[in-house]
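According to Swiss-Prot, the protein carries these features:
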type	residues	note
MOD_RES	SER59	phosphoserine
REPEAT	215-248	repeat 'TPR 1'
REPEAT	295-328	repeat 'TPR 2'
REPEAT	329-362	repeat 'TPR 3'
REPEAT	363-396	repeat 'TPR 4'
REPEAT	397-430	repeat 'TPR 5'
REPEAT	431-464	repeat 'TPR 6'
REPEAT	465-498	repeat 'TPR 7'
REPEAT	499-532	repeat 'TPR 8'
REPEAT	536-569	repeat 'TPR 9'
Amino acid sequence: MNDDSQDKIIHDIRIQLRKAATELSRWKLYGSSKWAAEALAGLAEAIDVDQTHSLADESPLRNKQGVPKQMFEIPQNGFGLSETEYDLYLLGSTLFDAKEFDRCVFFLKDVTNPYLKFLKLYSKFLSWDKKSQESMENILTTGKFTDEMYRANKDGDGSGNEDINQSGHQRANLKMVSNEHESQSNISSILKEINTFLESYEIKIDDDEADLGLALLYYLRGVILKQEKNISKAMSSFLKSLSCYSFNWSCWLELMDCLQKVDDALLLNNYLYQNFQFKFSENLGSQRTIEFNIMIKFFKLKVFEELNGQLEDYFEDLEFLLQVFPNFTFLKAYNATISYNNLDYVTAESRFDDIVKQDPYRLNDLETYSNILYVMQKNSKLAYLAQFVSQIDRFRPETCCIIANYYSARQEHEKSIMYFRRALTLDKKTTNAWTLMGHEFVELSNSHAAIECYRRAVDICPRDFKAWFGLGQAYALLDMHLYSLYYFQKACTLKPWDRRIWQVLGECYSKTGNKVEAIKCYKRSIKASQTVDQNTSIYYRLAQLYEELEDLQECKKFMMKCVDVEELLEGIVTDETVKARLWLAIFEIKAGNYQLAYDYAMGVSSGTSQEIEEARMLARECRRHM
């Protein structure tokens, strides 16, 4: 076979392999696509074909009718990839799809195109993340590292057999692989490489030429900076990325994770509407303007959901998005979650029912649906949901959380904890799983384990109200009320209009001896109450505190409010109203108001036998003086 014939065959094979790698990946046959890309990378070089010319310099003859129809052209994607770079992209992309991240990094080690550089460094980051997650799986299972694991990490062999003979050449090879592996696992080296590349690349281009490749690198830099707790620089990188390319929803979510309190969100919102600008290269038409860019509107809604803002500030954006996206399941799930956060469980359940009918195989947000069914004690419906999602995908974090809620509803807390651990093994950032697992440990009276779970939750998401609230409750169970007070205060900054948090803050202040602050908290709780029946116990507690402060007139006022609530609720009696009637009867007897005292005593128709007997005794005493 002469050289011309061989080159022609190689050229045809190259075209066919490119076509196979691209089309098989498009139709999700990742194994076959990876094989074709590997074969393409291992193909011999064609002598008469210049493989380094740019796509912009493609010969117009490619579009002539004489070219066979089966000829596969490299897509004119505007990424500026040469033929060699495109072949590398196919190989790296298929290896990435097959989750062979280290191999992807190896084959892309010398790339200079920003898109390929992102693919390489993103693979490197995911490889590091995968290894760190695998090390955490052991903690979730056993709670500690064993000596065998330490030896395996140290010596590379967990079997304990230290008599394996290796040649010097083998040791050298192992050392080389180990050093390269260690370098790939070092997150700081990834950040350094990104910074070096961005510094050199930004010099070469004008500000308006920033493209998607640059946006992706800024995004990855932000993710790594956030991982290293450098929040301010991470936010700066995310904003640069969004300025170049605004439709990266993951970048918006990462930016939101940088917000720890409501004030941060307000400052960011002001910055977005006053100083932020979109670049023209990747943002089209109306989406270049802050006013009409839908991603900013989605971001504002997500921030409202996470930081429990006032609905009036976001209602206009929500109405606009619902008009533009009337069938977007994400928005419907958002609406349902808002109802859940506002404790409107009936509306939330109805909205989730509609979502399940519209998109029955969507598992996102269904763990919130299971929380609603759990709180409403609809155990049969929760059991059906758990069975349904397990048939769709048993190995999704959402599925594990739903099954865990089902076992918790059946009081099988050990099984519930097991499924929450599975959810965390599948996705270690599932904050909800950490928080709910903490609740399960509280049910088992294991406060120390609960505290550890809640701490993990707030480490991942400092905006998690339930985790801060859970920490306060766990320390309250241990009678460590100053610690409890601190964590309840943190929770209060996230939900200042929640009645429950002011009530527990009042209890904490009361137990630490600060009665004045306790009274203030209880009064704030009353203002935040939505219905009258929620206030009975608070009125009685306020009356007790005023009695301890020897302010009997204020005490009497709140005792009377307790009784008034009973009348407003059409005679529904609580323990507090019974005690309030007895206290008022004694108070009026001391004041000489026997008729009024008699009425209070006769109003005690239920309660403990001791309370009923005391009421009869007071009534008899009143009759003797009347």
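Keep in mind that glycine also has a Cβ here, set from the backbone N, Cα and C atoms.
Same-chain neighbours of the repeat 'TPR 5' (397-430): 133, 136-137, 140-141, 363-367, 369-371, 373-374, 377, 379, 382-383, 385-386, 389-390, 436-437, 439-441, 443-444, 460, counting only residues six or more beyond its ends whose CB sits under 8 Å from a CB of the stretch.
The list of residues near the repeat 'TPR 9' (536-569) in space but at least 6 beyond its ends in sequence, with Cβ under 8 angstroms from a Cβ of it, reads 503, 506-507, 510, 515, 518-519, 522-523, 525-526, 529, 576-577, 579-581, 583-584, 587, 600, 603. Each residue in the repeat 'TPR 5' (397-430) has a pLDDT score, and their mean in this model is 94.
Between the repeat 'TPR 7' (465-498) and the repeat 'TPR 2' (295-328), the number of CB pairs under 8 angstroms, six or more residues apart, is three or more, so the stretches are in contact.
Residues of the same chain lying 6 or more positions beyond the ends of the repeat 'TPR 8' (499-532) and with a Cβ under 8 Å from any Cβ of it are 469, 472-473, 476, 481-482, 484-485, 488-489, 491-492, 538-539, 541-542, 545-546, 548-549, 565, 568-569.
Residue counts for the repeat 'TPR 1' (215-248) by DSSP state, with H, G and I taken as helix and E and B as strand, are 27 helix, 0 strand, 7 coil.
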